[in-house]
Structure formats: structure tokens, C-alpha cells
């Protein structure tokens, strides 16, 4: 008789949000995936189960079968009991108030009912135990397996070779770690138990049906194949649409992660609307698919209910015929009818379980595919040679190479190079000629296409991969630090390093002094990607990290590029010392740093065209000679004043070199990534939940108010559907009443009428169920799209201090964006329809029941609060569980994101195992929560299931008493019972949404906190002045500033400076002195503070207007920025350049002109797809110099009034720098320009040079004036020029 339970089971189905996987496959694979649904085998899904899991699943399955058999068995008892009622009470035609208690049949009836009550109670006790074991054991087994799958998947990602990351879209891998694996969790947990329960109910129902009355069973079964076919079609349609929907959400997730990861670039170029449009485009696609899914699924559902009611009509018509002809008793007919009905409905209950399982198989296909992917270069492999000692002789033999992602673009074209043990070989050449590629091949990040690389005469492919990388120390041009302490970052160099060794390495790298000035010293957290440190500080820590490794082979790829003048000579000396006795390969654009190398190899077009010592190559007058000449002319401050003949001077000139400005990351980068500044990789996210105000559900629904017509139609249909069940109860009690004494012809006539009524109810239910599901489904899809869009828009609106918060790292925000909206929809949309339906069901049932028998109604209603309290307790406990789970998975997600984003550094440092162990440690929390959830869910589920059996016992025993005492008729007992119990079961189903509701409330609270947060600097604000005329005068007046995340570290301490229209202001000073902070304040990433009583009037002026009073969008539109670490987006070169001006459509001609001005056009023309070439994630497919030139083109296309150049030419090689410098000089004409540079030769023509020290202006004037002062600037120029003799 579990009609309503079945109905609810059928009506429930996964919403689009539940299918919100984020796919991490290449775009090519994605396109393929949308066409065909790929799934793994059923048993393969459980491949990570051990004997304990198998035991849990086996016992869970046995108990699910026992639980599922309970209802059909109860129907046998119900049938026999009905016969007793009809035989004992039905043969008497006494008025309602007449008492049977004095008559013998009454006493017999009470005795019989007591016996049946014991049967019901016994079944209830069995169900109580079975349901608990079924749910809790399957949930436990799922929790254990999911922990292993997460672990294996993360291990598999870390194990892949770098070429795999080039081809696959890594931005989606973290979302896959959370979302896709959650889908597997959904599919292999309690829903499998529910499936077996439904299957057991199905078979038990039909077996009971055949035993008790095969004729009626066969007639009812005639309609079953059609029902089964409609269920199969439904499942197939759902699966196909879910798959397409997942792909659309995956693309949206990738857009969001990319934009949030490059938030400063997005804000500086006013790209928020463009990013939002890109995001919304994918969301719109997902919404459309979701709506089509709702239409298809609900037509199938309407047909299913039409068929179900048609089967009622047929069954009652034929059953009544058999009873009237005395072939069956009424009890037999009822047993057969309800057993078959329950069996058929269980198919409906199994449908969502099948769907969840299908989703899990789809998600697992890609997850397991990555797990099973065996890389050619496996860093976890134990195979390979591990010699006891390595001399360090290196040899390249005819090496050819092209990157996997651009196989048709050859980088190395027959490279031959020999390096003797202990030798230092310098690789020089233009940007993109293959120097850095050589360094990557030595580390076996890639294998050559042809040729071999040997160490000590052995092919490096014969060495153990981990061993090979451990003997190599690397300092790259873009040093990546991890979000932990300085000490821990240096420990990544070598696992078992002591504090003394750390201090020694730090002193050698000239970082000791600045570390000791920090409040937390070695325990200072560096922020995400080292954002809390300046570029020079980061670079020195990276050098210390390499030195502590004590490597046999040292690879220095622009190792001193980010150092200021004060540090570079000392660090260069430290590196010279570190090179002693080691084979060293140095890449440098600044040729003075490599003059003393044993061998200098000149690269051109992927081959070495010349090699020899400095003096030998100068005599040859080839590539090297040409590069030196170009550089010398650029670096002499004034040839008559500085002589560079001194060898010593040349070496000291070194580090600031060519790239010196690239990737300085200076204090500027207190950026977004200071996110992690407070908490290291061991992120504590306790604060995340602390101040989240609860949100009423009404507030969430208000976001759906524009869809009110859908809600009105849907609610009316839901109420109608809710009323169908009590209507069924009324008809059902009337049918039983027919079989009392009376004329058979009249009985048959009445049965025919009731059968037609059933058919009519079926036709109504087709329309009402379709409309209910479709309207709420569509409204739910619109809400999900709206919530995601609003959340992303709200994130893009926030000020920089919000992104600096450790809780708002890219990984955490991406995870929240992917899950919060989905979880809110999990408790709205179609779920809301079911709640409305179930409330209508119970409400109508109670009203009818009070009319027909208030005494029995009151008894039954006493059961309802118990079920309700059980639901509330479950919700409270699961809410706490959901909160902890969310928090702990975010912490794990941060570790995963950091490792995946910086995979090259992780691999170079051989720290894959370290990151894996940290991730695994963070998985213990979610696992512990899943264990608690298993028991809570098991207990509450079993109570709600067993209460129905206990209520049968109480109801019919008390019902017998009421009949015997003349208070009710048997038909009324049946009516009241079926109306109330089915209503209560519906309420139980409503309470089963408790976990979803708990998650939804928490997610909604987070979303509304985000929506309602008013940023200090609102990027979307329309307020503020938008002057018609803007000259470009800038004044800083006593500006005091500290970064919000490090309020106790002063950056600017009373800064005053002035730039007139059209002037070029150059800012110079040591790394971390506040130069880039000036640029950030101009961009209004932050507003200045008043630090002391002396600076109460501190403010920032542009053209006499306080910057705060200008419209922030208008202000940023006047500024063009080229930063030291250019971030490009994973789209075409043309799109990246056009990103410079997001206020209009930029023409192709303008793009080409800007590219020519930035000297990148000739390179682009050599690419197969030219301007349509994709640059890869963060521009990884391009060299540093190529990226920088595209960034310059991007700034030039903006035609800004004020140009901000923060180390704009830092990544350029000798050939390009001069041309680009000329282009920038030209671009500066008529514009106010602020230039930050370590290489002082690039700024000698500035109108005003300002020397910073400790956040204040120490000197200012022209180049000549400052030289004449013989102060700080004079010393810096002297050091760079290589002599103190002026």
C-alpha cells in the first residue's frame, strides 16, 4: 500500500544542478563527449572497494532485500485481515452507533486484530533493523571508497607528465575533484541500497501476486511492459541531457576559474562584463539543456502516471469480477492488487537511483580514465637506474623537439651540446629560440622527439625519474612559492633539511636580512604563489630553495632576473660560489652575467650556431657579438662617463640583467593571492562559517519571483497531485464497502463506475504531473543560472582586499561557485513541487479523515510528530555535517589547486609525494563526516520506515475496537488509515530532503552574504565624476598605505610626488620599497590610509580631483598597464590583445598595428594559426618574452591617457628590447607615464626620476641632477654600470 511513497519516488529525479559536473578534458574531448555518453562498467565503479567495503555492501544488500520484501509480506497480512473484517463486521448491517461488543463476532474480531497487530509489529521491528543496516552500511562503504578515489585521482594527476597538462585543460581538474567525485559518491552510496530495496519489492510483490491470484496478476502485468518501456526511455533521455548539461557547466567553471585567477588583469582592463558574458553564455546553454530535460522527463512521468491509474482501473474492474464470481475473496484481490502495485511502483522508486548510478558511471569514466592513464615519464615509478655517484657530464646528441600541444612547431632542430662535469655553460639567444626548452628536457619534463640527452654517458631515460630530478637544482625565470611559510618553502628543496642548513642557504642567497626584518621571520606566510613578497624577495627564496638541495647539476633560467641593484651583485657572487664543482647551465638575456662562463653557446632557430668563451666568440663576430653590441649600447648610461672594460665590473653588472624586471611580483602582488597570507597550505577555514548570517528560504525564492506564473501553475498542479491520493483512498474504501451483502449486478455496475473514475484520474494526472515537473523544473533552472551569474558578478565586483583574504583563494571561490548554486537548486525547483504536493496530500487526507473518523485520526496523527521530529533531528545533524564537509573539502581543494596550478614547480622539486600526503591528510575530515552521516541517516531513515508498520498495528487494533463499539464502519477505518498513512509517508519523503535542505540553507547564506557585501571600492559603481577633459596630472600628497592583510607592515609612509601632463616619471629603488604599490593605488585596487596624526589629510590627486571622487571605471579606462608578470587568457592571441579595450569591438587592423608596435607581429606570422593561435592556460604556450610583448600590445590598443609600465620590457631578449623600448618611447609621447625599472639604463631619459626608500621619496630629479647629487641613485647606477669611478 506504499502508493504515495512510490509516487514520490517516481516524481523525484535529479535536478540539473545535481548533474553539475565540471569536466576536465580538452575541448576536443568535450565536443566528442557531448555527442556520445561514455560510461564505465557497473562493477568497475566499485573497483576501489576492499574486503571490508565488500562486506558492508553485501550486508547492506541483504538487508535492503529484506527491507524491500517487507511491504509485499505486509500485504498478505493486510489481505487476510480485510477478509476477517468483511466476514466478521461486513455481514452485519448495523447503524454506526450500534455496538458489536456484546456479540460474539465482536470479541472474535478484536482477538484476530490483536494477532495481526503482532504480525505488523514483528515486520516493523525487522524493517527497523534492516533499514538501518541497509542505509548506514552502503553509506559507510561509499565514504571509504570515495576517500580512496579522491586519493587515487589526485595521485594520478600529480603523476601525469607535463605534456599531458599542456594538452588537457587543467583549470577544471580541481572542480572535478569535488563535483565529479561527489557524483560518484551519490551513485555508489545509499541509493544502491535503495535500488536493491526497490528490486526486492518488485520481485516479492509479483511473487506474492502469483501465489495469491495468478489470473489477476497476469491482467495487471499486461500493462507493465509499457510502464517499463516508458521508464527506460525516461532514463535514457535524462542521461543524454545530463551529459550535455555537465559539459556546459564544465566550460562555465573553466571561465570562472581563469577570470578569478587573473582578477587584477580583469579589473585593470575593465574586463568584468566580458568575463561575465563569457560565463553567462555557457550558463545559458546549460539552462536551455536543463529545460529540455525537464520537458522530456516530465512527459515521460505524466505517461507513467496515466498508465498507473489505467492499471488501477483494469485491476479493480477484473478483480471485482473475480470476487463477485467467488473465485477470489476480497482479501485475496486486495493482496494481489497491492502487491503488484507496490512492485510496479518500486520501479519508479528505482528510477532516481538508476539515474544517480548512471551519472556516477559517466563521471567515473573520465576520472578512472585519468587514473588509468600511464604517463611515459612517471615520477612515481621506482624503475630506472639510481647510481651511487654522478659526475655531471651532460651531452645533447642531435636533439629534435616540439611541444605536444603544438606538434607542428619545431623548437629544437638538431641540438648538439657537450658540458663537462663542473663546467658552466651559458645559453644565449633571442626569446623563444629554445633555451628554456633545453632546461626542461634535462629535467625530463618532456622527452625529445629524436636524439638523446646523456648524463655521464647514460641516456637520461634510463635513470629513475625522481632520482634524476633530485640531482638537479632549478631556479627559473618565474619563481613559484607555495602558500606556506618561508622556512617550509625552502624545505621543499630537500625534505630532511635542518634549520641551520636553511639559514646557510638563505644567507648565500642574500635573503637573510629581509627575512629577519619580518615580524614572523622564517615563519612568515608568503601567500598564494608568494604574493606577500616582492619579486626580488621571491627570487632569493627560490635561489635558497635550490641551494639547500645541494644539486649535482644547477640550472639557472634567469635566476637573478628579479633582483634590485643592491642585491644582484651579492647574489651573483653567491651563485658563482654555488656553481663551484657543479655542472651549471645558465640562461641569461643580460650577457654581462655570463662573461665568465666556461662555454657560451649561441642559439638561433633551435640549434647552437656557435660556442666558445666570451673572448673567442667576440672574435668570431657572430650571433653573440651582435647581441653584446646591441646590449652594450643600451646599457651604457653615458659612454664617456662609464667604462666597461673591467672584467670584474662586467660580472657585477650581472643579475639585474635583461629579465631583471620580469616576474618581480613586487609588493604589488599583495594581490589577490595574499589570500593565503594568513594560513599556509594547512588552511584553517574556521572563519568561513563563523559570521554567516542565516537566510530565510523565502529570501531565496524571491530571486525566482519573475517566474511567478510558473510557480502558480506548478503549485496548483502540485496541490491537485497531492489531492489525488486522498481521492484514491475514498474510492478504495467505497470499493471495499461494495463487497458486503447485496446484489451482484449492482456490485458490478458500481465497480465499473469506479474503474472509469480511476481512468479519469489517470488522464488528469498526466497533465498535472507534467505541468508540475516542467514549471518547477524550468523555474529551478532559471534560478540556478541566476544564482551562478549573480555570484560570479558579485565576486568580480569585490575590491582587492577581499581577494587578499585567504578564504577567497581561486580554488575556494571556484569550488563555491560550482557547488553553492547547485545545492540551492537541490532544495528548490522540482523538490519544492514535491513538498507542495506532499503537504497538499497530508492536508487533504487529514480533513477527510476527521470527517469520517476523528478518533482514529487523532491516534494516527500522534505518529506524525514522531516522524516530523525524526526529520528535524536528521536535518539539524546533517546541517552540521554539511558545514564541516564543505569546509574540509575546500581546504583539500586549496591544496589540490595550488599543486595543479604550479605543477611544473612541484615536479621540478620532486614534491609530488609531499602534496599528495597533505591532500590525503585533509581527506580524513570528509571521511569522518561520512561515517557520522551514515549512522545519523541510517537511524532516522529506519525509524521513518518502521513507523508505518507500527502504525498499521495500532490503527487496525484500535479500528477493530471502534468498529466493535459502533463508532466507525470498516470502510471508514480503511479510508482514514490510507489517507493519513499515505500522507505521513509523503511527509517522510519531504523530510528525506533534509540533507539537501540543510546544504541549501548554508549555501544560500554564503551566496547572500556575497551578494550583499558592499566593497570599499565598487568596480560596478556609477557614482563619481567623469570629467570631459582629462590631462593626466598626478599628485601623491603625504600618502600612507599598508596592505590590509599585513596591517603592521608599513609600505608607503608619507609619500609625496607630482607628475605633470605628458611627463615620464621613473620610480627606482630596492625590491619591496613600494614602487608597484603606487601603480596599484593609481588603479584604485586599494585606497590609501591615514597612518598617523601627521597624515590626516593624506590623499591622492588626479587633475586636482581626489581619485576617490572620480568614477572608478572611468578612472581605470584612462590607465594602460603593462605589469612585470603579464597574465594572458586561454584564448587566441588576437583576443588577448583586444582585451586591452573592453569598451568596444577592436578591429583586426588595430590588433595587428598594436602587435607591430610591440614587435610581436613577425613571430605571430610564423605560427600556423597566426593571430588565432591559442596561448594556453596563463599563456604557457609562449615564452616569457613573447607573453610580455603581447601584454604591451594589449596596453597600446587601449590608447590610454596615463601609461603604467611596471618592468614592461623585463622579459625581452636583446634583439627585441631595443625595438620595444623605442615603441614604448613612442607610445609615451603626449601621455603621462610612470615607469618602474631596475635596469636604470631604460629610464635615463625620464623627465623625473624618484628614488624610493622605506616607502618615502629619498631623492628626485633628472638623471643628470641625481648623478650630480652622488647619493643613492648614483650608487645604484655605479653598481649597474660596473664601476664606482665616475
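Note: Cβ is positioned from N, Cα and C throughout, glycine not excepted.
Pulled from Swiss-Prot:
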- 1-50: topological domain 'Cytoplasmic' (TOPO_DOM)
- 57-359: domain 'ABC transmembrane type-1 1' (DOMAIN)
- 74-118: topological domain 'Extracellular' (TOPO_DOM)
- 91: N-linked glycosylation site (CARBOHYD)
- 97: N-linked glycosylation site (CARBOHYD)
- 140-188: topological domain 'Cytoplasmic' (TOPO_DOM)
- 211-217: topological domain 'Extracellular' (TOPO_DOM)
- 239-296: topological domain 'Cytoplasmic' (TOPO_DOM)
- 319-332: topological domain 'Extracellular' (TOPO_DOM)
- 355-711: topological domain 'Cytoplasmic' (TOPO_DOM)
- 536, 1046, 1071, 1072, 1073, 1074, 1075, 1076, 1077, 1124: ATP 2 binding site (BINDING)
- 711-999: domain 'ABC transmembrane type-1 2' (DOMAIN)
- 733-755: topological domain 'Extracellular' (TOPO_DOM)
- 777-831: topological domain 'Cytoplasmic' (TOPO_DOM)
- 874-933: topological domain 'Cytoplasmic' (TOPO_DOM)
- 957-972: topological domain 'Extracellular' (TOPO_DOM)
- 995-1286: topological domain 'Cytoplasmic' (TOPO_DOM)
- 1034-1279: domain 'ABC transporter 2' (DOMAIN)
>> Using Cβ atoms and a strict cutoff of less than 8 Å, what residues sit near the topological domain 'Extracellular' (319-332) while being 6 or more residues removed from its termini?
In response: 78-84, 86, 212-213, 215-216, 735-736, 738-739, 744, 747-748, 751, 755
> Any residues 6+ beyond the ends of the topological domain 'Extracellular' (211-217) with a Cβ under 8 Å from its own?
Replying inline: 76, 79, 315, 318-319, 322, 327-328, 332-333, 335-337, 339-340
> Fewest neighbouring Cβ atoms within 10 Å: which of the binding-site residues 536, 1073, 1075?
Replying inline: 1073
> In DSSP terms, helix, strand or coil for residue 1073 (ATP 2 binding site)?
Replying inline: coil
>> Within the topological domain 'Extracellular' (319-332), count helix residues (DSSP H, G, I), strand residues (E, B) and coil residues, in that order.
In response: 9 helix, 0 strand, 5 coil
> Within 10 Å of the Cβ of residue 1077 (ATP 2 binding site), how many other Cβ atoms can be counted across all chains shown?
Replying inline: 28
> Helix, strand, coil residue numbers for the topological domain 'Cytoplasmic' (140-188) per DSSP?
Replying inline: 45 helix, 0 strand, 4 coil
> What average pLDDT does the predicted model assign to the topological domain 'Cytoplasmic' (355-711)?
Replying inline: 73
> What are the helix, strand and coil residue counts for the topological domain 'Cytoplasmic' (777-831) according to DSSP?
Replying inline: 47 helix, 0 strand, 8 coil
